[in-house]
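Take a look at the structure set out below.
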Amino acid sequence: MPSEIELFVNRLDSVESVLPYEYTAFDFCSAPSEKRPSENLGQVLFGERIEPSPYKFKFRVNEECSHVCTKNYNTEKQEEKIKLDFLKKGMLLNYQHHWIVDNMPVTWCYEVEASQKFCNPGFPIGCYVTEASQPKDACVVNTDFNARDTFYLFNHVDITIFYHVVENEAAGARLVTAKMQPRSDHPDCTGEPMGINNKFTGELKVAYTYSVKFVEDKNIRWASRWDYILESMPHTNIQWFSIMNSLVIVLFLSGMVAMIMLRTLHKDIARYNQMDSVEDAQEEFGWKLVHGDVFRPPRKGMLLSVFLGSGTQIFIMTFVTLFFACLGFLSPANRGALMTCAVVLWVLLGTPAGYVAARFYKVVFADFFLMNLILWGEGSSAAMPFGTLVAILALWFCISVPLTFIGAYFGFKRSAIEHPVRTNQIPRQIPEQSFYTRPLPGIIMGGILPFGCIFIQLFFILNSIWSHQMYYMFGFLFLVFIILVITCSEATILLCYFHLCAEDYHWQWRSFLTSGFTAIYFLVYAIHYFYSKLQISGMASTILYFGYTMIMALIFFLFTATSANTPGAESLVRPGRGLRREPHDKFPTRSWIRNK
């Protein structure tokens, strides 16, 4: 007896709206009450709602024009008119189905420019031809869609399932690919499109049908059955260009840092060692003048400590998540695994966050809850259920917060960080600064180079989030992550050195904000992306886009600022190797070293 193949349906989303909807929100054919597959935390946070569908197949049993159900609409009945109008709204905003067979997306493959084939892991509800006879979205693929001010509902699908026979295994055969072609058709599947005029009144019957065909393909291995989707996505060459661009920036910064460390500092220390008298040593200049003030506690040190602790938590979470993604544990086949891993790591990494904050002496939830209220009001599947909200709060209060206090306990238990020089009792007066050494211009310049390393990769990440494109190049992303950390550190070291040479010893916040300003460039780019690349319409979708973008910018700010903070800048003001301080805090002279 042939085995039954189940087809599952997921949420519907659109590039013109941030609001995803469950399959049952639209008036499609629904399956009888069946148990839904359980979703992990990442799937719930992304609004995925997988449920059984009424489309049932028998393995290697081809079917033609099989009837699923018929939906009736009468525009004189308010309830049915609302359902039909919601379907029209879905077609107008180009909402996409996402079907799943054997944990594979059912893809819609079509040709794009230069005869290249693109396989989309979703297909539209339908399409619309405007009053000016201008076809929108999927209506451009068929010249028969030409009636003015008319909607074409894709109520028929031709599904082709590819499989290969497995020898010497009990499984018999494995499904390797599932493709489909959507059509607007009449109940008898004659191929003539079924148009729904925008001004239609009266009664309407919509029959949902499907055809399925099984094809044996011995060339596709089960382990590589996702490759045809990933290979159809372009931009691999651009990824290499992004890496090369980032490496050039890193080499430039590394050369600058090496020049300062090996030439300037070495030359200065050597000159001090050649001095013959204390009077000569008193003729200090540049960064040597502020060695007695450079470890003075910063203003609002507690806030800086909290930022450092949270940034450490985000930094370690990002590193571990990307590392596991590179190993293949968080591939697109494991739906929601990436987000689940990130959330669990963030909760468990409260200990290093508290430890770092305590050694150096949480706001997002409000924004998140506001976004969730808007999603609830719009009836979107992305709105988290109340039970999930309670579970996340429980994770934070019952696991993350106690771990933070444990980390803080160990941080306070350790001895304070010892400074290599004594801090003067009277703060030194800071001379008037030139324009380029003032805090704001330096901070603004500090974020340019790190952003230059990531802006190409950022485009693909935003496409994955807002345009629902599949992201899988975690190896490239991990390389860019390492390059970004190096670039942030070296840019901060350079600017810290220049500011200390200008006798400005308020370096702690400046060090933190220099690379953290990369998040402002990220925010500006996200605004540019919204207006130039997206077609999002509606007040709710706009508020959600910018609300979630602000959360991402804050996380990115803490990440970049922490990844390049105090260790690099602190090394600039430490005395040279083998040198000791006299009580008067001056550099040792050659005669003093000789007497010793």
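Just so you know, glycine gets a Cβ as well, placed from its N, Cα and C.
Taken from TrEMBL, the feature transmembrane segment applies to 240-262, 306-330, 336-353, 360-377, 389-412, 443-466, 472-500, 512-531, 543-564.
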Outside the transmembrane segment (336-353), six or more residues from its ends: residues with CB under 8 Å to it: 39-46, 48, 309-310, 312-314, 316-318, 320-321, 324-325, 329-330, 392, 395-396, 399-404, 406-407, 410
Within-chain partners of the transmembrane segment (443-466) [C-beta distance under 8 Å, separation at least 6 from its ends]: 15, 18, 235, 238-239, 241-242, 245-246, 249-250, 253, 436, 473, 476-477, 480, 483-484, 487-488, 491-492, 495, 510, 513-522, 525-526, 529, 533-534, 536, 545, 560
Tertiary contacts of the transmembrane segment (512-531), as residues 6+ beyond its ends and Cβ separation under 8 Å: 304, 307-308, 442-444, 446-448, 450-451, 454-455, 458-459, 462, 466, 488-489, 491-492, 495-496, 545-546, 549-550, 552-554, 556-558, 560-565
Maximum Cβ pairs under 8 Å to the transmembrane segment (543-564) - stretch from the list 240-262, 306-330, 389-412, 472-500: 306-330
